[in-house]
Amino acid sequence: MERKTVSIVGSGNWGSAIAKILGKNVVERKEKFNPEVKMYMYEEMIDGRKLTEIVNTEHENIKYLPGIKLPENVVAVPDLLEATREADILVFVLPHQYVHKICSTLKNNIKQGTVAVSLIKGFSIHEDGVIIPMSKVIGEDLGIPCAALSGANLATEVAQEQFCESTIGCEDDQMGQLLKELFETPYFRVAVVSDRQTVEACGALKNIVGIGAGIVDGLGFGDNTKAAVIRLGLMEMIKATEMFIPEMKVTTFFESCGIADLVTTCHGGRNRLLGESVIKSDKTIKQLEKELMKGQSFQGPLIAREIYTMLEKKNMTDKFPLFTAIHKICIREMDPKEFISCLRNHPEHL
Ligand SMILES: NC(=O)c1ccc[n+]([C@@H]2O[C@H](COP(=O)([O-])OP(=O)(O)OC[C@H]3O[C@@H](n4cnc5c(N)ncnc54)[C@H](O)[C@@H]3O)[C@@H](O)[C@H]2O)c1
Ligand SMILES: O=P(O)(O)OC[C@H](O)CO
């Protein structure tokens with residue numbers, strides 16, 4: 001088998017953490033992969049220097065993953081087409097709002113036979129309310145197969161090599177196994193399942209529940225209340241997934257991409273921090289993102305809005321009171337104090 005060239009599209013907190021894994025794995029598995037990994041980086045200036053130049057000389061993404069050294073065979077490239085021209089495997093890892101634009105540049109400019117995997121936790125929503133997983137967006141925009149990887153994977157902990165698990169969703173078994181070989185390490189254990197769309201639905205929807213967990217923290221409630229948010233959030237995640245993906249398997253929720261990711265996000269995620277901050281200050285999400293995230297982005301509020309818009313179109317907001325309340329608290333349309341009565345009166349209790 002010819003060796004595969006890997007390119008990463010994206011270089012934020014998760015993109016950089018995964019670059020560390022991929023850079024090392026391609027060298028260790030050199031019979032399968034070419035030894036250089038190009039990483040597309042959205043260029044920016046840091047104290048008068050280009051971020052790509054800093055990464056390529058200091059081998060550290062000082063803005064998005066400070067304190068972690070990247071392998072020297074990971075090369076940051078500011079030109080998208082140059083970064084991806086030779087790729088056999090494209091690893092997409094950037095906030096979902098940028099994907100369409102990136103794909104429109106890549107379209108007709110990638111090698112024949114290239115495959116992709118999406119590490120993105122978000123959706124695209126059509127005007128008619130249909131929800132499209134990002135792997136499908138990428139696959140259809142580029143006309144190539146696209147798998148998904150998602151799990152309980154806070155980027156900084158992964159970069160510190162703390163043990164965790166992850167899930168690849170891929171219908172093609174051979175491609176799934178190749179991706180497992182690309183991503184797996186002794187501290188990053190990967191399971192492959194065929195239910196790709198549920199893997200992605202879990203990853204996107206848990207971001208909303210993570211905000212809910214932060215709201216509970218901000219209101220001063222303890223672990224029991226947070227556990228209720230996690231459980232009710234899980235029920236809404238499953239119900240929403242059943243709506244979008246009739247063929248979904250509930251067992252996928254027991255993989256790392258499901259309950260495990262929900263738990264980790266509700267304890268240590270950026271979306272949890274946002275929920276807490278929304279309660280403790282009267283600033284807008286945009287202001288909070290700017291102040292707290294140093295360039296990283298909260299995906300939860302966007303996804304909460306997208307899901308709310310879809311539910312409203314279908315007259316179903318009353319069936320998803322937790323998702324609805326979280327969206328309305330984020331946009332300051334609901335008093336956060338009402339959050340607990342929303343939990344108390346949840347349809348799961350009727
Ligand atoms: N950070 C985590 O712990 C983590 C873990 C698993 C999955 N994810 C998911 O991975 C995806 C990427 O998140 P992240 O944490 O790597 O990103 P991030 O939030 O750290 O960084 C934002 C990124 O967007 C880039 N960017 C800004 N404007 C852009 C533009 N116009 N075009 C293209 N790129 C632009 C920035 O350069 C930066 O790389 C998200 O879907 C996220 O939910 C994140
Ligand atoms: O920091 P969050 O809330 O974006 O969550 C990060 C990861 O998705 C956790 O697996």
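First residue shown is number 1, and so on along the chain.
The backbone N, Cα and C atoms fix where each Cβ goes, and this holds for glycine too.
The annotation active site, proton acceptor is assigned in TrEMBL to LYS206. The feature NAD(+) binding site is assigned by TrEMBL to GLY10, SER11, GLY12, ASN13, TRP14, GLY15, ALA155, ARG270, GLN299. Annotation source TrEMBL lists substrate binding site at LYS121, ARG270, ASN271. The domain 'Glycerol-3-phosphate dehydrogenase NAD-dependent C-terminal' annotation in TrEMBL covers 195-340.
TrEMBL feature annotations superimposed on the structure.
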{"residue": "GLY10", "record": "NAD(+) binding site", "Cβ within 10 Å": "25"}
{"residue": "GLY12", "record": "NAD(+) binding site", "Cβ within 10 Å": "20"}
{"residue": "TRP14", "record": "NAD(+) binding site", "Cβ within 10 Å": "24"}
{"residue": "LYS121", "record": "substrate binding site", "Cβ within 10 Å": "28"}
{"residue": "ALA155", "record": "NAD(+) binding site", "Cβ within 10 Å": "21"}
{"residue": "LYS206", "record": "active site, proton acceptor", "Cβ within 10 Å": "31"}
{"residue": "ARG270", "record": "substrate binding site", "Cβ within 10 Å": "22"}
{"residue": "ASN271", "record": "substrate binding site", "Cβ within 10 Å": "26"}
{"residue": "GLN299", "record": "NAD(+) binding site", "Cβ within 10 Å": "23"}
Model confidence over the domain 'Glycerol-3-phosphate dehydrogenase NAD-dependent C-terminal' (195-340), averaged pLDDT: 96
Round to a whole number and give the Cα-to-Cα distance in Å for the pair GLN299 (NAD(+) binding site) and LYS206 (active site, proton acceptor). 10
I'm trying to understand the geometry here, so how far is the Cα atom of TRP14 (NAD(+) binding site) from the Cα atom of LYS206 (active site, proton acceptor), in Å to the nearest whole number? 16
When you measure from each Cβ to the nearest atom of ligand 2, which of the recorded positions GLY10, TRP14, ALA155, LYS206 fall under 6 angstroms? none
Looking at substrate and its recorded binding residues LYS121, ARG270, ASN271, figure out the farthest C-alpha pair and report it in angstrom, whole number. 13
For the recorded positions LYS206, ARG270, ASN271, which sit with their CB under 6 angstroms from an atom of ligand 1? none
Compare the Cα of LYS121 (substrate binding site) against each of the recorded positions GLY10, GLY12, ALA155, LYS206 and report the nearest. LYS206
What are the DSSP helix/strand/coil residue counts across the domain 'Glycerol-3-phosphate dehydrogenase NAD-dependent C-terminal' (195-340)? 116 helix, 0 strand, 30 coil
Looking only at GLY10, SER11, GLY12, ASN13, TRP14, GLY15, ALA155, ARG270, GLN299, which the record lists for NAD(+), tell me the maximum pairwise CA distance in angstrom. 18
Within 8 Å of the centroid of the Cβ atoms of LYS121, ARG270, ASN271, which other residues of that chain place their own Cβ, given that this set defines the recorded substrate site? ASN207, GLY210, THR265, GLY269, PHE298, GLN299, GLY300
